[in-house]
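Colleague: Handing you this structure, nothing more for now.
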Amino acid sequence: MSVMFDPQAAIYPFPPKPTPLNDDEKQFYREKIKRLLKERNAVMVAHYYTDPEIQQLAEETGGCISDSLEMARFGAKHAASTLLVSGVRFMGETAKILSPEKNILMPTLAAECSLDLGCPIDEFSAFCDAHPDRTVVVYANTSAAVKARADWVVTSSIAVELIEHLDSLGEKIIWAPDRHLGNYVQKQTGADVLCWQGACIVHDEFKTQALTRLKKIYPYAALLVHPESPQSIVEMADAVGSTSQLIKAAKTLPHRQLIVATDRGIFYKMQQAVPEKELLEAPTAGEGATCRSCAHCPWMAMNGLKAIAEGLEQGGAAHEIQVDAALREGALLPLNRMLDFVATLRA
């Protein structure tokens, strides 16, 4: 790499785990959230990786469960004046970029993402400046500032198609921030891709040794893998794809048992899609190792019922997402470029 910052060497302190609630407390906060959503003219959008009780509440209140971009697009189309975003901070920023006129609230602004943290704007800008002949493509899991520095924003569901398109135009690519997804895209397309070296702390922990042992126990199970996983895991997969693509694969594959290599939060919607199938968590520790994330993002876990209620009730600087107007305009350009590209794919 041509910059001093090394995402692979960075260690991000995990937040403390939320204090567990008893059943009475859970019911109290569920009812409080439902009341506050009505009072605030708000709708709740939740990511696939949040805890099951959060996703369930989003469903019960007419909200949305999806990936980060679809969460933001749902909010932009919804009549509510306030969006409660249950996810991590860059997701709230994306919602604000697409809905600047709305109040964007989060349970906590301290919910981070290792991909976002691993791609600080100053270092990334210097990296881009060192390679001015390359088109800059950044994953949706980045800050508004990084998006504004990019030519394109992309999601994992269309990453291969977009890079194929740019490669057909003879363009060389800078890809950021996830090195595993960038490597996957490069191998699928053969494009000239220079990768930033970030990684998701959840997907980076999947290990081939432990997975091989699990496959021996369940020899007839299919393996579903998110492309943020290491190449060695991707090569073992029966299906590779984004969160929504993995849920579709779960329905399409004939296997009755599915080993799932992504954040276990996805099990809520995946099990709804295939109630007759057995879902198994892919192991995240190799021989003699211990997991850090254990297949669940610690920042996603910060989106608890109590925090959601506090976000709706208190608002203010501790919960409201703000994006500078100039930064928003800069980030909106590559986002809209991607949305236009998606529209052409579906036409």
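Here, residue 1 is simply the first one shown, and the rest follow in order.
Glycine residues also receive a Cβ, built from the backbone N, Cα and C atoms like all the rest.
Taken from Swiss-Prot, the feature iminosuccinate binding site covers HIS47, SER68, TYR139, ALA140, ASN141, SER156, HIS226, PRO227, GLU228, THR243, and the record attributes it to sequence analysis. The [4Fe-4S] cluster binding site feature in Swiss-Prot is assigned to CYS113, CYS200, CYS297; the stated evidence is sequence analysis.
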Colleague: Reduced to three states, what secondary structure does DSSP give HIS47 (iminosuccinate binding site)?
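Modeller: DSSP call for HIS47 (iminosuccinate binding site): strand.
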Colleague: What three-state secondary structure does DSSP assign to TYR139 (iminosuccinate binding site)?
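Modeller: DSSP assigns TYR139 (iminosuccinate binding site) to strand.
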Colleague: Among HIS47, SER68, TYR139, ALA140, ASN141, SER156, HIS226, PRO227, GLU228, THR243, which the record lists as binding iminosuccinate, how far apart in Å are the two most distant Cα atoms?
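Modeller: The iminosuccinate-binding residues span at most 18 Å between Cα atoms.
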Colleague: Other residues with Cβ within 8 Å of the Cβ centroid of CYS113, CYS200, CYS297 at the [4Fe-4S] cluster site?
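Modeller: In sequence order, the nearby non-listed residues are TYR49, VAL88, SER114, LEU115, ASN141, ILE201, VAL202, ASP263, TRP299, MET300.
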Colleague: Which residues, sitting 6 or more apart from HIS47 (iminosuccinate binding site) on the same chain, put a CB under 8 Å from its CB?
Modeller: ILE65, SER66, ASP67, SER68, MET71, SER86, GLY87, VAL88, MET91, GLY265, MET300
Colleague: Would you list, in sequence order, the binding-site residues among TYR139, ASN141, HIS226, GLU228 whose CA lies within 10 Å of the CA of CYS113 ([4Fe-4S] cluster binding site)?
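Modeller: ASN141, listed in sequence order.
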Colleague: Around CYS113 ([4Fe-4S] cluster binding site), how many other CB atoms lie within 10 A of its CB?
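Modeller: A count of 25.
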Colleague: Using a 10 Å cut-off, grab the number of neighbouring Cβ atoms around the Cβ of HIS226 (iminosuccinate binding site), all chains included.
Modeller: 28
Colleague: Cα-Cα, whole number of Å: GLU228 (iminosuccinate binding site) versus CYS297 ([4Fe-4S] cluster binding site)?
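Modeller: One finds 13 Å between the Cα atoms of these residues.
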